[in-house]
Amino acid sequence: MRFSSNVKLYVLLLVVGIFLLLGYVYFSFFSEKLNRDIPVDEYQKNNSLSKPMVRSRVRNMVSSEKLLYKQPSILVGRTDVVTVTPWLASIIWEGTFDPVLVDNIYKPMNLTIATTVFAVGKYVSFLRDFLETAEKHFMVGFNVRYYVFTDRPHDVPSVNLTQGRHLSVIQVPGSNRWQEISARRMEIIQTTIESQISREADYIFCLDVDSKFHARWGAESLGRLVAVIHPGYYEQTRGSFPYERRPASMAYIPMDEGDYYYGGAMIGGFVEDVYTLTKVCRHRFEVDAGNSIEAAWQEESHLNRYLLYNKPSKVLSPEYLWQDFKAKTKEVKVIRFSGVIKNYAEVRPNV
């Protein structure tokens, strides 16, 4: 029996439709796999209690028409510092970005930036300067939510916040050891992301309260996972970094490994990426504690171990974490954020 031309056309369309359907299913399946977070270790992969987090949407870099800004060049720029890592993440220095263009791209996105600080014990005395200088320099023009963790909620100062900026005070227990306060920071940030921050913010920065802002800290710092280079070690080689060197510790880094030494006074990125970081570091803290081990520099040691094998997508130069007792070097054109000079014997419960 010979098929009519209409029947042949129908069969052809049916076959094409089947192939299109199969292609759609195949593409959707593999796209979903590619968009999942890659497990950072066996603990994260096998932990059935891991809380599913929705990845922040990656937005296009859209700028306004007729926006006037300085023409960029691929031949002229900073030559005194390295501005890209070996894995092609930007290292942010003064002169590597145009603030007018960056703000024009990011401000229309209506982003909310979570900012956590721990003001435990006498460290609450640093909170006013932190907040007042943040209102002048930190993410100006963006929605910002400050989360202040303290054991002295009645000592939290009243600071005038601009429109779109809010402050939440979350009470946490104090401690007789500053090392314990440091160790619990990852746990508290993790659980607060689960219970609150994940619903309220797109990005998060976890900062030290005994610090002040001095100049612009803006959207140039935003990225999936953001780290800052420690100002005390950016001129040193990896052999001089104060990594945890004991193999028994979960923070261990061998002598022949390491990229940079990152400061623990700043962790940033997408809320869900910082969530993963804090969850993994908390677990490693607990494993060490179970083995009666305290890493050399507590959370900073675990942070450096994590970032060695889970590379940050953006690295901030020491401009974003200076130290007031250090003289400004020729590479550092602007000090944006710095740790204040303090007497540790006065503010820490133990030294």
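These residue numbers are counts, starting from 1, taken along the chain as shown.
Cβ atoms are placed via backbone N, Cα and C, with glycine included.
Remember, TrEMBL labels are computer predictions, not curated facts.
Copied over from TrEMBL, here are the features:
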- Glu300: active site, nucleophile (ACT_SITE)
- Phe118, Ala119, Val120, Tyr123, Asp208, Val209, Asp210: UDP-N-acetyl-alpha-D-galactosamine binding site (BINDING)
- Asp208, Asp210: Mn(2+) binding site (BINDING)
- 7-27: transmembrane segment (TRANSMEM)
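Positions of TrEMBL features highlighted on the structure.
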residue	record	contacts (Cβ under 8 Å, 6+ apart)
Phe118	UDP-N-acetyl-alpha-D-galactosamine binding site	Phe149, Thr150, Val172, Ile181, Arg185, Ile188, Asp208, Val209
Ala119	UDP-N-acetyl-alpha-D-galactosamine binding site	Phe126, Leu127, Val148, Phe149, Thr150, Arg152, Val156, Val209
Val120	UDP-N-acetyl-alpha-D-galactosamine binding site	Phe149, Thr150, Asp151, Arg152, Val172, Gly174, Ser175, Ile181
Glu300	active site, nucleophile	Tyr262, Gly263, Gly264
I'd like to know which of the binding-site residues Asp208, Val209 has the most other Cβ atoms within 10 Å of its Cβ.
Val209
Sorted by sequence, non-Phe118, Ala119, Val120, Tyr123, Asp208, Val209, Asp210 residues with Cβ within 8 Å of centre, UDP-N-acetyl-alpha-D-galactosamine:
Val117, Val124, Phe126, Leu127
Including all protein chains shown, what's the count of other C-beta atoms within 10 A of the C-beta of Tyr123 (UDP-N-acetyl-alpha-D-galactosamine binding site)?
22
